[in-house]
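> Pasting a structure here, questions to come.
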């Protein structure tokens, strides 16, 4: 049976591109109910995952995977490690999920539980998890790797905050799915470096109300895109603006 699993792993690796060559071991549980509705919101700040382009195939990431929010939006290909749990794995099945939430350690449990500070663990939406695992297992050993994200449409920017505080939520990002650095430019300013506030929310203290806004975004994959005038003058806090540009890596 071990040979069958190795053959399956090779087939999955050949069919997924582009992808990193290394499969990494981890574990996975599920949450959010049979319809996944309990996974909406989360520590990345995406809110309604359907509206933001992520859907039901999502996961809360343990501390080493979440990386203080720097991994928000990244995509992971996951298979159940059949060689370790043949009774609980669905042979030949794989699922790609987006990191949308944080799974914190539970220090009421020994060593902080499954989402302890050192374990690579995915607390997946139940519908996503059931693609690869048998429900009664509860937790399964997995193999995973980060893969390219695919999204419909362009990158979106939601402008939150107040007065001299701009908090920009970046969503629907393809390619590596996550942001390494970001700057903003008003129609009356030069480029202003932004910093991560929390999750996929980036901030600046510039007082840009009333100005058209451009963004310079570099993905964790190393691609930089300048979104010229992504937000028109006269915008209001709480508005979302879609673009025609998208990341490849």
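Each position is counted from 1, following the chain as shown.
Positions of Cβ are set from backbone N, Cα and C atoms, glycine also.
When I checked Swiss-Prot for this same protein, it listed these features:
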DOMAIN    41-154  domain 'Expansin-like EG45'
DOMAIN    164-243  domain 'Expansin-like CBD'
CARBOHYD  116  N-linked glycosylation site
CARBOHYD  216  N-linked glycosylation site
SIGNAL    1-21  signal peptide
> Averaged over the whole of the domain 'Expansin-like CBD' (164-243), what is the pLDDT?
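Mean per-residue confidence for the domain 'Expansin-like CBD' (164-243): 98 out of 100.
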> In whole Å, how far does the CA atom of residue 216 (N-linked glycosylation site) lie from that of residue 116 (N-linked glycosylation site)?
35
> When you measure from the Cβ of residue 116 (N-linked glycosylation site), how many other Cβ atoms are you left with inside 10 Å?
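Residue 116 (N-linked glycosylation site) is surrounded by 19 other Cβ atoms within 10 Å.
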> Can you check what DSSP calls residue 216 (N-linked glycosylation site), collapsed to helix, strand or coil?
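Strand, per DSSP.
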> Around the C-beta of residue 216 (N-linked glycosylation site), how many further C-beta atoms are within 10 angstroms, looking at every protein chain?
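By my count, 18.
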> Through the lens of DSSP with three states only, how would you label residue 116 (N-linked glycosylation site)?
coil
